[in-house]
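A.B. asks: The following feature annotations were taken from Swiss-Prot:
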TRANSMEM  36-52  transmembrane segment
TRANSMEM  60-76  transmembrane segment
TRANSMEM  89-105  transmembrane segment
TRANSMEM  126-142  transmembrane segment
ACT_SITE  ASP174  active site
Amino acid sequence: MVIYLDVLIFENSIVNTFLLYITAQTLRIKVKMRYLILAGIFGGLYVIVLVIPTLKIFSSLIFKIIAAFLMIIICFRKKSLRFNIKALAVLIMYSMVTAGLCFFIELNNTRGSYFNAFIGNVSYKWILIAIMIIYMFVNRIIWFINDRKLTQSLIYEIEICFKDNSKFINAFLDTGNELREPITNLPVIVVEKDMVSGIKWDDCPKFYVPFRLFNGKAGNLEAFKPSYVKIYIGDKVEVRNAIIALIDNKLSSLNDYNALLSRGSI
């Protein structure tokens with residue numbers, strides 16, 4: 001029997017990527033595709049130990065579990081041992097279900113059977129791999145469309161008003177953002193610095209707003225208080241007092257918005 005190692009690695013990489021993908025969906029964890037694919041390729045390369053006799057020692061159950069655990073680490077990049085063990089259990093469960101499905105198909109894939117007549121000369125493995133690829137591709141498209149709809153529904157046009165002029169900016173309502181300036185207790189609107197580069201705000205009251213990110217990083221944002229801020233919500237216009245904090249980074253990779261509204265702004 002001739003075994004093409006490159007084809008075997010490719011097939012197993014796709015299957016492992018799919019299993020990790022549905023594991024992430026089950027755990028409701030967002031993962032970056034590059035880490036997902038990298039973990040799938042790592043799992044695909046592990047098949048080498050099954051076909052090379054000198055590496056047979058690494059094909060035992062304990063090494064298979066270690067390889068699966070490393071796939072979890074590469075894919076999810078979580079430090080929590082409890083989460084990684086939970087993810088490993090889900091991955092093993094889906095692997096067993098997939099193996100059982102393949103065994104069932106192979107058992108019923110006999111000459112003259114209805115299943116054999118249905119797929120003809122096409123290998124059932126390639127049909128399953130095609131289904132896995134289509135599922136991941138379509139699911140990502142649906143997720144992207146829904147995410148875009150949600151993002152657009154939370155974008156509002158705001159007008160930052162000064163004594164002599166004003167600036168219109170698209171702002172995203174960050175429902176998890178409760179940032180307030182500690183002295184005035186006013187809500188903070190984070191704005192890209194470039195968006196107010198042409199505005200003379202030197203005469204406005206200056207502040208430094210402390211912040212802390214989820215990764216533990218802390219610091220202070222340079223901020224000022226405009227005359228007022230208008231928030232356009234459908235046909236209504238809300239006038240608010242707020243602090244404008246400036247940030248150097250881009251807030252949207254697609255440039256959908258250039259500011260973040262705190263929950264207390266609306």
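Glycine too: its Cβ is placed from the backbone N, Cα and C atoms.
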A.B. asks: Long-range same-chain neighbours of the residue listed as 'active site', Cβ under 8 Å, sequence gap at least 6?
C.D. replies: LEU260, LEU261, SER262, ARG263
A.B. asks: Please classify the secondary structure at the residue listed as 'active site' using three-state DSSP.
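C.D. replies: In three-state terms, the residue listed as 'active site' counts as coil.
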